[in-house]
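**Q** Got a structure for you, questions after.
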Amino acid sequence: KKIDHVSTEVLTGEEEAAEEPEELPLPTEEPQHEKPQTEVPASEATPAQAVLKELRVSSVTPSSVGLQWTVPKGSFDSFMLQYRDAQGQPQALPIDGRSRLVTVPGLSPSHRYRFHLYGMRGGKRIDRVSTDIVTGKAKGQREVLPSEEPQQEKPGNESPVSVAFPARAVLGELRVSRVTPDSVQLQWSVPEGSFDSFMLQYRDAQGQPRVLPIDGRSHSVTVPGLSPSRRYRFHVYGLRGRKKIDHVSTEVMTASEEVLPSEEQQQEKPGNESPASVALPARPVLGELRVSSVTPDSVQLQWSVPEGSFDSFMLQYRDAQGQPRVLPIDGRSHSVTVP
């Protein structure tokens, strides 16, 4: 259930700033960042220097790449991964500051990509690491797990996997906690062991495969951009060191367009909404939605939760073409970068 919401309007930077080389320009951002008063914490954090280490490839398939990095010194508020897709269009993927790995889906087979990972503080890019990768060749099989393992052995970062295997990790039942005409919220448990990360896989209304990487500490996800009155099959994989250890699946039918008013009645059906009723006495409240940084092609937002807590957040907006966009956010995060 949507308990509270806050809104803001943002004007992105001048279009000229978008004319940039592969590595996006740091100088043009800084003057813009000085405007908001939210940059004071950034200057305070500068004495403790934050450093990014080598960006390594942990897995490669024809349509995705897994990347890993370390932060040997200091810490970052968040990360931003930037690259150009097969059509040469710039893409940006915001990443939580606690994460040290990411899976980039939707790539093209046998294509060379250059990835730049930026460490961010207060909306400013503090450090950067880059790497070049060629995706795998297209094969008949969608899942290329066998060919992943030899590549993973190369970087020499697979030792933690062998150490972790004795403690067996198990995924619990995949449950549907919320259904709307254009989104589904899923929940699962980990009754035994733990996973480094999770991966949600499904096919969209056009039959195209979709992959959504999920942090290993999260046990729920909201899948946006679905079509009304359509059946979807979702698979959640538990990963350790880029290897799929266990998986659970479920089928869900999205609601029809007319069902929005009676959404609450649908949620009562599965019988897993009881925690919501228990949490109602402590009413959660959202604080002011603030803009912490603006560039020509992205906006960073911050908010507070002065009272109570939320399971998750959902950011909604319309793109330049007027199309509605939905961005699910973990309930522990209080900032997001919209690329």
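Glycine too: its Cβ is placed from the backbone N, Cα and C atoms.
From TrEMBL, here are the annotated features:
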- 1-45: region 'Disordered' (REGION)
- 12-23: compositional bias 'Acidic residues' (COMPBIAS)
- 51-141: domain 'Fibronectin type-III' (DOMAIN)
- 135-162: region 'Disordered' (REGION)
- 170-262: domain 'Fibronectin type-III' (DOMAIN)
- 257-278: region 'Disordered' (REGION)
- 285-339: domain 'Fibronectin type-III' (DOMAIN)
**Q** Would you report the average pLDDT that the model assigns to the domain 'Fibronectin type-III' (51-141)?
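**A** Value for the domain 'Fibronectin type-III' (51-141), mean pLDDT as a whole number: 88.
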**Q** For the domain 'Fibronectin type-III' (170-262), what are the DSSP-based totals of helix, strand and coil residues?
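**A** Its residues divide into 6 helix, 50 strand, 37 coil.
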**Q** Based on DSSP, tally up the residues of the domain 'Fibronectin type-III' (51-141) by helix, strand and coil.
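**A** Counting residues per DSSP class in the domain 'Fibronectin type-III' (51-141), I get 0 helix, 50 strand, 41 coil.
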